[in-house]
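Trainee: Below you'll find the structure I mean.
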Amino acid sequence: MSTGEGTAEQTATGTPAQNGRESIPSDAIREEYENLSDLIRKYRFAYYQDDAPLVSDAEFDTLFRRLEEIEALHPELVANDSPTQEVGGEASAAFAAVEHLQRMYSLEDVFSIEELEAWLNRAEASIAKLGDGTAQAAWLTELKIDGLAVNLLYRDGKLVRAATRGDGTTGEDITHNVLTIKEIPQQLSGEGYPSEVEVRGEVFIPSKAFAEFNEALIEAGKAPLANPRNAAAGSLRQKDPAETAKRPLKMFVHGIGAREGLEARSQSETYALLKEWGLPVSPYFEVLEARADVLGFISKYGEQRHKLLHEIDGIVIKVDDFATQRALGYTTRVPRWAVAYKYPPEEVHTKLLDIQVNVGRTGRVTPFGMMEPVKVAGSTVEMATLHNQDVVKAKGVKIGDIVVLRKAGDVIPEIVGPVLALRDQQDPPVRDFVMPTECPACGTPLAPAKEGDVDIRCPNGKSCPSQLRERVFHLAGRGGFDIEALGWEAAIALTQPAEPDVPPLTSEAALFDLTREDLADVKIRREKRSKGVATGEYELVPYFYSKGTAKSPSKPTASTEKLFKELDKAKSQPLWRVLVALSIRHVGPRASRALAQAFGTMDGIRAASEEELAHVDGVGPTIAAALKEWFAEDWHREIVDRWAAAGVRMEDERDESTPRTLEGLTVVVTGSLPNFSRDEAKEAILVRGGKASGSVSKNTSYVVAGESAGTKLDKAEQLGIRVLDEDGFRLLLDGGPAAVGDAAEADGGDAPEESAALQEEKAAAVEETA
């Protein structure tokens, strides 16, 4: 997946440049922004945590770039939890979480030679301003391996830990599995290695080895693996290292993170040292000074990409000199000294067999294409979203068409359009897609939520099984109750099983009342496989219980037992997670935290007036109205009441001993603080009544700047906003504005009141829990 697969070394932070003319976002823009944020988080989770992409790189990149475009025009929408402010995915709960000594960054992506040249122009202009104005760059140019980013930690030459990248700050401890990869030395060789060093690289499965491994799986009657990247990621997440050892994994290292006592001056010099220490370094890199040579490198490997040792999804271009890298610095997500060029997407032709629709958790109806399975860019694709009926019309596709399917960036499927020259040759003849007028799941008439909406929705939130399935899947997510055993297939089994006729759940209200006996007879339809290959035939299989025999009676599976343990654990989740789990439109993690902080109890939130809700910083009128509308429904209140009766915690334990020193203040933290992680700093602000913002504006009270602070610090200085270091931040936390010499802020005299319009804009920055 793009916008996050490459890694970068060194440390610093900043914020993306905000370009374009600012204006108040319309309701349509706000809704588009919320939907985009929701989709991108969903697709990232599937890619990084499940190793099972739901969409192609092309579609993901398009969605991500549109999100960046909206944020550039409306910077007030940017929140700390925006996908543009995050790196990759979170650490999985299945492995111990470990913090990297130095953050692992993403890379900025460009998708054409024109975009690359524009990036090079900007970088070269910045480099020319350094020193005496005559500096020039040498570019280390290398292949972008399509694998899993891994961080190796060596102490005194001994490998002591290996971790996935995770969110860039915290990854998963996969040391035991990495030890099975023969190319990775457990003890560095040679001399001169640092007493402590993080080595970054990419674990992958060579293309030929992947094909041979899949052939062996099929011969053994097992399902083949989807593609080398997902296979490598899945191999490193095996609970049994012996299983990992069976996979043909390799690794190439491409940089370093934290280190003690290393005097390397450049990326290429570091590669030479890594090789001397016995680490596997890719042979596919060159240090180039002329731009024409960089473009020649791209052209050369573009022609050879399917003949290489491993799959690639682009070319990485880095400034070779470390001093120049440090001078150029970082944004919050990417280095300014490196870029990933993505090759034009591979395209294939396949038949569009049907266009079906899916009903989401807020009733939104989305068409998607079902195609003859076809292999493109290393994986088999048979589905691709078509977003809405207007997109279907704009693409001009008809059911039965031969269509152009591509994977831009080499990883999410996109239907580009029909092959018109073949349309008249199709048998049976092609036919138009007609958007249904009734919900395919419950039969309720469909309609736009309001006049002029492109999307149509099913208004039957209470009884629509598709909406219930999607809500149950959502509430179990990492932002909600975090129930790992309640995945997509389990949500289907609970809400839409093949048997019995009445599902275990007809409302999420009953979730915490489930018993093992309720699940004993549940069966789902699962496709039969022959030697690992799908047959197109289906059978009914028990989902929550094992198949019983005369000698071994049916009993709950290990996954079922895990589900009940996690349901019990979920009851003690904090209030904000319960709010997220309720699928209230517009109420995402940011608003939920603000509401929990302001009211402390679910009863307090329910009883609050719309005006009181809107007054909460980070909520505003849109979210306040959505809350009142949601609680006005009897069946919604029943969910809360039954969860509470089952023991779900509906209030937060409030530490009254923590002084509310930041009441009414907005604080922005930028750069690296020695004694606070970003989350710790945010939590310290919130518990003292302040707002932890991700962007600097005239309404910002203070900016806390750590090492390598970026453009947020520049903007604070331009606006005349007080800037504090970590010591000043501690004083502010303990004693409020007066402790740092700001009497006016302490009195509240100069604090501007927020207009209704400003609160409305804040509401739009919250992801739609839809």
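Glycine is treated like the rest: Cβ placed from N, Cα and C.
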Trainee: Could you tell me which of the ranges 231-260, 351-380, 741-770 is annotated in Swiss-Prot as region 'Disordered'?
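Mentor: Checking Swiss-Prot against the ranges 231-260, 351-380, 741-770, the region 'Disordered' one is 741-770.
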Trainee: For Lys144 (active site, N6-AMP-lysine intermediate), just count the other CB atoms lying within 10 A of its CB, please.
Mentor: 25
Trainee: Specify the count of other C-beta atoms within 10 Å of the C-beta of Arg165 (NAD(+) binding site).
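Mentor: Cβ-Cβ neighbours of Arg165 (NAD(+) binding site) within 10 Å number 27.
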Trainee: If you run the three-state DSSP split on Asp61 (NAD(+) binding site), which class comes out?
Mentor: helix
Trainee: Tell me, by DSSP, whether Lys318 (NAD(+) binding site) is helix, strand or coil?
Mentor: strand
Trainee: Where does Leu107 (NAD(+) binding site) sit by DSSP, helix, strand or coil?
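Mentor: Going by the DSSP assignment, Leu107 (NAD(+) binding site) belongs to neither helix nor strand, so it counts as coil.
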Trainee: Quick check on the binding-site residues Asp61, Leu107, Lys318: which one has the highest count of other Cβ atoms within 10 Å of its Cβ?
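Mentor: That would be Lys318, with the most Cβ atoms nearby.
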Trainee: From the Cα of Asp61 (NAD(+) binding site) across to the Cα of Lys144 (active site, N6-AMP-lysine intermediate), what is the distance in angstrom?
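Mentor: If we compare the Cα positions of Lys144 (active site, N6-AMP-lysine intermediate) and Asp61 (NAD(+) binding site), the gap is 16 Å.
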